[in-house]
């Protein structure tokens, strides 16, 4: 084995060994210090370029959306093998990616919640766009389009934003009763999800002013203030999103900021001169072929 290893190394050193060639060219250069240390490998031949939309792509709950992605070569050339396309959903802090789909040619596999809802659109040459049907609230976020050709691997990011509304939610039993996991649950019960920071910031810019602190999807606790006042952090602080930072998800208790998108149905009002109890209201809605509205649905009806 040592003799075989030595022979192999000699063959590599002599240049008789030819590495795998994939149609791309690289030059190996040295640094400027003259110390023989490598500085960088740079690309000097055909370049793979991946491009997505620079502007956010907007959609809403229940809709179909296309996230554009195209690739090309500089100078232009046709790929010599089947291209591998991979789509991933990014976390806000870019620490972890959720696999969405992988495609090679016309064969593709979708993962997790995207099974049956996602496919690659290749309507034109060098297109790798992602189509998501029946968009869900948690689909909101950044997506990476990655194109792999042999040893070449390039990517770009597109931002999918759902049109919706952020609303503060306080449980019937009173203020600051929810830990993080309970906040997630009550938002789901209202046909919503915990809002992320971008959604809360957008709501603040549209006029949301709320003094009670609430959980966000990343485990932080924040609240939006348009008019500074003494009970809400003081009059000397500027308007904006006030943050308590990350809190303990089990021990600490606050309210929740929920995010909901457009309704698939509509909210309508049933009148009764004598008034109705909750159970009577539920029954009246059922008699009308509907169900009693939830908080998130009422906010969505007001917004949209």
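Using N, Cα and C of the backbone, Cβ positions are placed for all residues, glycine too.
Per TrEMBL, domain 'Ig-like' is recorded for 46-158. Counting residues per DSSP class in helix, strand and coil order gives 6 helix, 62 strand, 45 coil for the domain 'Ig-like' (46-158).
For 165-260 (among others), the entry in TrEMBL reads domain 'Link'.
Summarising the annotation, TrEMBL assigns disulfide bond to 211-232. Its own atom aside, the Cβ of residue 211 (disulfide bond) has 14 Cβ atoms within 10 angstroms in the protein chains shown.
Positions annotated as domain 'Link' by TrEMBL: 266-304 (among others). Beyond the domain 'Link' (266-304), the same-chain residues lying 6 or more positions past its ends with a Cβ under 8 Å from any Cβ of the stretch are 164-165, 167, 169, 187, 189-192, 258, 260.
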By DSSP assignment, list the helix, strand and coil residue numbers for the domain 'Link' (165-260), in that order.
22 helix, 30 strand, 44 coil
Enumerate same-chain residues with a sequence separation of six or more from residue 232 (disulfide bond) and a Cβ-Cβ distance below 8 A; give 'none' if the list is empty.
211, 223, 225, 242
Counts by DSSP class (helix H/G/I, strand E/B, coil) across the domain 'Link' (266-304):
19 helix, 0 strand, 20 coil
To what whole number does the mean pLDDT across the domain 'Ig-like' (46-158) round?
91
